[in-house]
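The structure appears right after this line, and notes come after that.
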Amino acid sequence: WEFNGSFYQPSAFLMMGIPGLEALHHWISIPFFLLYFIALLGNGVILFIIKKTQSLHEPMYYLLSMLAVTDLGLALCTLPTTMGVFWFNVRRIGFDACLTQMYFIHILSLSESSVLLAMAFDRFVAISHPLRYAAILPKSTIIKIGLAIILRSVLSLLPLPFLLKRLTYCKKTELSHSFCFHPDIMNLACADIKVNVFYGMIILLSTVGMDFVFIVLSYILIIKTAVSLATKDECLKTLNTCVSHICAVLIFFIPMIRLSMIHRFGKNIPPLVNTLVAYTYLVIPPALNPIIYSIKSSHIRAALLRALRKKS
């Protein structure tokens with residue numbers, strides 16, 4: 001512990017695995033390892049296929065590459081600490097290391113939300129203006145969108161580590177998860193955390209909240225355009241191109257909103273529920289997204305089969 005008058009700051013935090021199931025951590029680590037392996041392999045393959053296949057150098061697949069990069073980042077951010085807890089019971093994480101991990105987790109989460117919004121806009125343009133699709137979203141525009149997403153995430157979340165570093169902490173240093181999360185660290189403080197709560201809610205509502213609203217609006221316009229098509233088959237075929245994106249939106253936003261609400265308002269919710277929602281939010285989307293897009297996209301499947309045939 002570092003002491004400076006009445007200011008206390010822990011040198012480290014203690015991470016938590018799955019409460020009540022500590023004796024089974026070695027067995028529980030097996031599905032977690034498989035999910036991380038699928039996330040790393042699946043997103044790596046998606047990036048490789050898009051890079052090597054000239055026909056996939058289109059706005060939709062460039063945005064899918066951004067999604068794969070954010071999913072890889074999320075998996076790599078939480079893998080060392082999560083598997084360290086499950087395999088070796090390494091629970092200690094330094095204070096500054098915890099703030100660094102927290103910052104990158106939140107940056108990548110916000111980036112994923114922004115990428116999903118960009119993908120919704122891409123689907124709207126492709127369905128509403130198919131003949132002008134390439135002209136509206138050229139490669140230069142996609143690059144600008146990517147840079148805007150990075151700047152938005154980095155700058156809007158930059159105050160978080162400093163807001164946590166200014167707080168005085170109690171002697172309780174046990175986190176609720178095997179990774180560092182802003183509301184989780186904030187709740188360990190003995191000081192007034194109103195600024196942290198207010199800033200966190202403002203950022204959540206003005207970024208992720210607005211992204212979700214605009215995604216819903218995009219799909220209202222997409223459905224309106226699809227319904228106006230001449231035949232039912234054309235309408236279903238058009239909407240079918242959005243299925244994978246809708247799945248990605250649901251598996252990302254639902255657990256994220258639940259986790260944020262639990263940390264801020266769910267004081268009486270059992271720790272096990274809190275932990276399961278957290279892992280669903282950070283581990284499941286990176287593993288499922290490449291599977292969903294590989295199953296639904298015939299172009300990615302065909303490119304993957306060609307690559308496998310060449311290798312064999």
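Each residue, glycine too, has its Cβ placed from N, Cα and C.
Whatever TrEMBL says is automated annotation, not expert-curated.
Taken verbatim from TrEMBL:
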DOMAIN    42-293  domain 'G-protein coupled receptors family 1 profile'
TRANSMEM  24-50  transmembrane segment
TRANSMEM  62-90  transmembrane segment
TRANSMEM  102-121  transmembrane segment
TRANSMEM  142-164  transmembrane segment
TRANSMEM  197-223  transmembrane segment
TRANSMEM  235-256  transmembrane segment
TRANSMEM  276-295  transmembrane segment
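Across 62-90, 102-121, 197-223, 235-256, 276-295, stretch 102-121 shows the highest tally of CB pairs under 8 A with the transmembrane segment (142-164). For the transmembrane segment (102-121), same-chain residues at least 6 beyond its ends with a Cβ under 8 Å from one of its own Cβ atoms are 60, 63-64, 66-67, 70-71, 73-74, 77-78, 145, 149-150, 152-154, 156-157, 160-161, 164, 179-182, 185, 207-208, 211-212, 214-215, 218-219, 245, 248-249, 252-253, 256, 282, 285.
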